[in-house]
Amino acid sequence: MLLSFGFFMSILLIRQQSTGARSMLTQRVQQALMVTACGDLFNLGLNYASATSSSALYNVQPVVTFILAVAFGMESMKLRKFHGNVKAAGILLCTAGVTVLAFYEGPMFRSFNHHHLFQQGGSSTAPAGDTHSKKQWVFGIFLMTLSNILAGLWTVLQGPLIEDTSKLMNTTLQISCASVQAFVVAVAAERDYSKWKLGWNVGLAAIIYSGVVVTALSYYMQMWTIATRGPVFLAMSMPLTFVFTIIISSFILGDSVSLGSVFAGVLLIGGLYNVLWGKSMEEQDEMNKIGAGKSAGLELQDVEEAQVPDDDAAKV
């Protein structure tokens with residue numbers, strides 16, 4: 001229900017933004033609803049998959065953002081042009097990457113670090129492929145893919161909102177609304193209040209890090225990057241998340257990494273850069289057309305100026 005409401009209200013908001021029918025606070029509440037649904041779906045999916053798979057799927061966000069922008073007329077994809085074919089190939093690569101990640105695991109690469117940092121008591125921290133069934137793994141990938149789709153919707157909506165208010169105010173309003181929504185969802189989903197108790201352990205550190213760094217600081221930095229360097233610059237840095245996750249999870253946390261996750265990550269990164277490459281070529285073509293038009297105008301002006309003295313001489 002939360003996912004459906006967030007998805008359809010986001011589409012409605014995109015269509016009504018140009019007419020100014022929605023108030024600023026209403027837009028922030030709807031944006032915060034996407035943030036809440038995105039985080040809940042991601043965390044739920046992470047229970048059935050792995051950190052490596054989640055970081056690989058993170059590269060889907062820019063491609064999903066581009067597809068949604070095309071669907072709502074914010075971007076174009078001309079399939080008769082070479083750059084349009086490159087974009088389409090990137091979308092197909094991302095689709096293939098998600099499919100491989102969901103249905104192919106392959107052999108596991110064991111870590112040199114056999115000490116699991118977050119192992120507690122007799123609990124096991126075996127890789128996700130050993131602790132979850134195939135259906136659970138596919139379900140986890142499905143949930144995290146939906147989370148990235150909502151994140152793409154959130155990104156599409158940020159442009160007009162950043163123009164209306166400051167980046168810091170935009171972040172504060174969205175996170176405040178999302179906090180209230182997340183509390184309501186948590187109360188409805190978890191009735192065992194003994195699990196709400198926080199101890200001085202790695203769980204508390206994860207909550208603080210997620211709230212302060214991943215949510216507040218990261219969202220503000222993303223909006224600052226979009227405003228100063230554009231969304232393409234932000235998208236180009238996303239594959240680094242996959243690389244750093246493999247390094248940290250394998251060499252520091254002692255987790256195993258599957259061949260399927262690595263292969264899918266390569267496909268997803270390749271698809272991302274294909275879309276970015278096609279976008280870059282399209283922008284270059286537009287600049288060349290503008291430059292050619294200006295050059296033709298200057299040449300015509302020079303010809304007209306050269307004809308003026310000849311006409312004056314003929315009159316004399």
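The backbone N, Cα and C atoms fix where each Cβ goes, glycine too.
Curation does not apply to TrEMBL; its annotations are automatic.
Taken from TrEMBL, the feature signal peptide covers 1-21. The transmembrane segment feature in TrEMBL is assigned to 86-104, 137-156, 200-220, 232-253, 259-277. Annotated domain 'EamA' per TrEMBL: 139-275, in sequence order.
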Sequence-distant residues near the transmembrane segment (259-277) by C-beta distance (under 8 Å, 6 or more away from its ends) are 50, 52-53, 55-57, 59-60, 62-63, 66, 83, 86-87, 89-98, 100-101, 104-109, 232, 235-236, 238-239, 242, 246
Taking contact to mean three or more C-beta pairs under 8 angstroms, with sequence separation of 6 or more, is the transmembrane segment (137-156) in contact with the transmembrane segment (86-104)? yes
What does DSSP give as the helix, strand and coil breakdown of the domain 'EamA' (139-275)? 117 helix, 2 strand, 18 coil
Average model confidence [pLDDT] within the domain 'EamA' (139-275): 79
